[in-house]
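Here is what TrEMBL says about this protein:
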BINDING   Cys71, His370, Glu412, Asp448  Mn(2+) binding site
BINDING   Arg110, Lys307, Arg338  phosphoenolpyruvate binding site
Amino acid sequence: MSSKPSWSPSSWTSKPVAQDVEYPDRKGLSKVLSKLETLPPLVTPSEIERLRYQLSLVQRNEAFLLHAGDCAESFDACTNENISAKIGLILSFSLILIWGARLPIVRIGRIAGQYAKPRSSKTEQVGDREVLSFRGDNVNGLDIDDRTPDPERLLRAYFHSATTLNHVRGLLTSGFASLHQPRDWSLSHVRSPSLRNEFESIVEDLTDALDFSRTIGQDAGASFELGGAKSTVGEVDFYTSHEGLMLDYEQALTRECPVPKSVSSVPNEKAFYNTSAHFLWIGDRTRQLDGGHVEYFRGIKNPIGIKVGPSMQSDELVRLLDIVNSEKVPGRVTLITRYGAGKVENYLPEHIKAVKLSLHPVVWICDPMHGNTLTSNTGLKTRHFRTIINELTSCIRIHSECDSRLGGVSLEFTGELNDEGFSVTECLGGSMELSEEQLGLRYQSFCDPRLNFEQSLDVAFLISKHYKDERRGKQKGMEKDVLFTELSATEIYDRNGSLYSRIKG
């Protein structure tokens, strides 16, 4: 049997690179990369290994993965208000899931590094001008006169990531995430009475449970995190992620480090960790088996994600897993499926079957956003809440039918509010019943449309209710659950306070 090919952080440079950025200032790029190589790591091997361990629990159905945040971050959005709103939404969402599913939630944010985006074309037409496509704040500017790739933006990306991560750490170690005060997570602006009432009901029940635990001297139990010493009600683990698109940047922040003794049986073992984020993923446009991204990802020890879409053949998926996880390490690979509501039935069953036969350990999660993008009659890129829920519920049902299990969700959402305290208006439907005419009111994304706060909680309650029913044994199969019937039906909150109403069409 042939030995595994040698690997180094730069071995990807010998391969073709999809979505590569062409910098006119090559000397400036070299200078920036040299500087990045000397800067401190943003995350540590111990944190990375803790996440890998927790993902192995998700794989064993002992935890649930929430991967969520912006499609693409912007430097201008690096503010106290925006970061706090994102974390508050993720905490609110995960609290609702915990209450229904009674499972620990592994929280991975698309934050502190998600500054680059792949594009289908190198150029775009803006008015009568053809300009380079906007690739994200760490490449070029949104202004059409600022489209030349600037290597200095990579340094700005590092420092904005560090600032964001520092503020997130500060929030989570100062009581912001405490289960004793979930009302502080910004529900005051939610205008749907049913959403507020249902969340308040969970908070009241939680408060009663915590009061009881405090009375009998059990305020905080053992944490499920590896080596868990944190209070389970005062602090939570939170991990960062981004698409590993800019390989020059990723290489510069890849360090050979000692493997934590808690996970290594080899004395003085070392490994290469990408220290820019805890979790990185390979996009649907960059997963070529002979490409630079797959070559880079196979050598880092971080847990990684792989986007799986309709163009992925089953044998190709297995060969990709053979490359990036040849030793079949639990918690190493998360498959993020993104087919589109109308295509999931055609592809997911075969992908599940192929992976099961390969004996590769994976976490399956559903991205119901990227395959369901459309252009509204008003010309804005959008997604409909109904089709998002359709793909998500189809995934849960199909996994059940294939003797598999959906381990989590990957969502593009935001807790951002405008100056008047209103949520963004980028996706149609949901409890707000957002119409096409209302999309332009507060459309703030410069990339893909995101669920707003209310729509995100709609999704959280739907998932929570399903797992609560499953846990209580009220329904034994997805096909029997009212939430998981034909694709033309969606359960959403109405404006009159009843928990669910059937919306047809």
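Placement of Cβ uses the backbone N, Cα and C atoms for every residue, glycine included.
Neighbour density for Arg338 (phosphoenolpyruvate binding site): within 10 A of its CB lie 22 other CB atoms from the protein chains shown. Listed binding-site residues: Arg110, Lys307, His370; maximum Cβ neighbour count within 10 Å falls on Arg110. In this view, Cys71 (Mn(2+) binding site) is surrounded by 20 other Cβ atoms within 10 Å of its Cβ, with every protein chain counted. Residues Arg110, Lys307, Arg338, recorded as binding phosphoenolpyruvate, reach a greatest CA to CA spacing of 16 Å. Reported as a whole number, the C-alpha separation between His370 (Mn(2+) binding site) and Arg338 (phosphoenolpyruvate binding site) equals 6 Å. Other C-beta atoms found within 10 angstroms of the C-beta of Asp448 (Mn(2+) binding site) number 18, with every protein chain shown included. The binding-site residues shown are Arg110, Lys307, Arg338; of these, the one with its CA atom nearest the CA of Glu412 (Mn(2+) binding site) is Arg110. Other residues of the chain with a Cβ within 8 Å of the Cβ centroid of Arg110, Lys307, Arg338, the phosphoenolpyruvate site, are His67, Glu243, Trp281, Gly283, Asp284, Gly305, Ile336, Asp367, Met369, His370, Ser410.
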